[in-house]
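Visitor: One structure coming up, written as structure tokens, with questions to follow.
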Amino acid sequence: MLKTSLLGRDYNSEPDSLDDGSKSPSESSSTTTSENVHPAEEANRLTMMQTLIHLLKCNIGTGLLGLPLAIKNAGLLVGPISLLAIGILTVHCMVILLNCAHHLSQRLQKTFVDYGEAMMYSLETCPNTWLRTHSMWGRYTVSFLLIITQLGFCSVYFMFMADNLQQMVEEAHVTSNTCQPRKSLVLIPILDIRFYMLIILPFLVLLVFIQNLKVLSVFSTLANITTLGSMALIFEYIVQGIPDPSKLPLMASWKTFLLFFGTAVFTFEGVGMVLSLKNQMKQPQRFSFVLYLGMSLVIVLYICLGTLGYMKFGPNTQASITLNLPNCWLYQSVKLMYSVGIFFTYTLQFHVPAEIIIPVVISQVSENWALSVDLSVRTVLVCLTCISAILIPRLDLVISLVGSVSSSALALIIPPILELITFYPEDMSCVTIAKDIMISILGLLGCVFGTYQALYELTQPISYFIANSTYA
């Protein structure tokens, strides 16, 4: 019972296809129709509210707390406008991805087509012979980027949780009941940050053993409640006594704007979960409403927190807005609540790479070893995110790097290309073709220059990062 209801995988039957790589092409071609869905599987599907909760939690992560610094890197005027533009483009690309997957599933008479399959099947029908021959590489590329992106998110989560745990523990002796603005943001660590990462590691390993999205919706609800509570306290503080913003620059330098781009794209973390969530809905035809509602709320939250946070703290804005909060027990609870929310969000982001990698590994072993291999691979992947966090514990730059390298490809570059390949044989309008090309070029430029700038900043001496690190 534990294996099917809690772990969410029955090894006596064909694995569910939740995302890229969870089925081979031959298995995908035998996808069952909706009429043949087992009643138990139907009972495990998500309601509209559960889907909305998942969507919100997938997009409200650590990147949200770094948005005030992102606005600082872009400018008080350019930042919010650019964040709105990136948000609109990201949602538009999500809709493109959904439309292409739906079109291909109807053309191929399949119940569900995931991101990688959509790329592969569209290449199989494109006019270019070389692309048709190498269509599988489209799927491999998307799967690889999904793995890098989602594990990058998980690695950042590790840094954030460990850092906040360190702050709460090592500031406990100087934390007071009176909430006054911070006079100092520098605290010499007593224990290395890696020690706190190792403390969190076993708890995350146990958490990722849960694979059923319906079970995870309970944790996602808890994460939303704690995140909502912490957001309320943050907004309650930053809206009080905002200094005159007229001295803040409306436009920052182009070098720091590149860091803004990576952080902004990183913050929209739910691209990899869109098709999975739609596939898990009881009424997938209503997912568009959930997507527009959820992402509208997310974009408004992003702009408000980023802009107000920068206006409140100005030049002293830190990589995580929690660093700017008063050192009192009330606002220490913000770190605790947000860390709890991130803890439960970890397994949602982990779900995508796990469903790509694990079925491939399990197919190489006998059925008796399937469960042991499944749990072992999950453990190794969690340890991998912990190791990467230990090697590069610079939160703001890692966020920008992950956003520039892989998030921009998945969110802005590939969906327009996918639309061009999928619908070009069906007489696309010149406006649509021009729009798709422009979005892909914009994403590519942001990817190249944002990656360069983030890598350049990472090579600078460590003292350069003290002001923008998450060390309190």
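Each Cβ is built from the backbone N, Cα and C atoms, and glycine gets one as well.
Okay, so TrEMBL annotates it like this:
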- 1-39: region 'Disordered' (REGION)
- 23-34: compositional bias 'Low complexity' (COMPBIAS)
- 46-454: domain 'Amino acid transporter transmembrane' (DOMAIN)
- 52-71: transmembrane segment (TRANSMEM)
- 77-100: transmembrane segment (TRANSMEM)
- 140-160: transmembrane segment (TRANSMEM)
- 193-210: transmembrane segment (TRANSMEM)
- 217-238: transmembrane segment (TRANSMEM)
- 258-277: transmembrane segment (TRANSMEM)
- 289-309: transmembrane segment (TRANSMEM)
- 369-392: transmembrane segment (TRANSMEM)
- 398-425: transmembrane segment (TRANSMEM)
- 437-455: transmembrane segment (TRANSMEM)
Visitor: Do the transmembrane segment (289-309) and the transmembrane segment (140-160) come together with 3 or more C-beta pairs under 8 Å, pairs six or more apart in sequence?
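Guide: Result for the transmembrane segment (289-309) with the transmembrane segment (140-160) is no.
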Visitor: At a Cβ cut-off of 8 Å, and with pairs 6 or more apart in sequence only, do we get at least 3 pairs between the transmembrane segment (437-455) and the transmembrane segment (217-238), yes or no?
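Guide: The transmembrane segment (217-238) and the transmembrane segment (437-455): touching, no.
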Visitor: Using a Cβ-Cβ cut-off of under 8 Å, list the residues of the same chain that are 6+ residues beyond the ends of the transmembrane segment (369-392) and lie near it.
Guide: 3, 7, 9, 11, 151, 154-159, 162, 194, 197-198, 200-201, 204-205, 208-209, 350, 353-354, 357-358, 361-362, 398, 458
Visitor: Among 77-100, 140-160, 217-238, 258-277, 398-425, which stretch has the most Cβ pairs under 8 Å to the transmembrane segment (52-71)?
Guide: 258-277
Visitor: Do any residues of this chain, six or more beyond the ends of the transmembrane segment (77-100), have a C-beta under 8 angstroms from a C-beta of it, and if so which?
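Guide: Long-range Cβ neighbours of the transmembrane segment (77-100): 67, 70-71, 115, 118, 122, 250-252, 257, 260-261, 264-265, 268, 271, 274-275, 278, 287-288, 291-292, 295, 298-299, 302-303, 306-307, 310, 411-412, 415-416, 418-419, 422-423, 439, 442.
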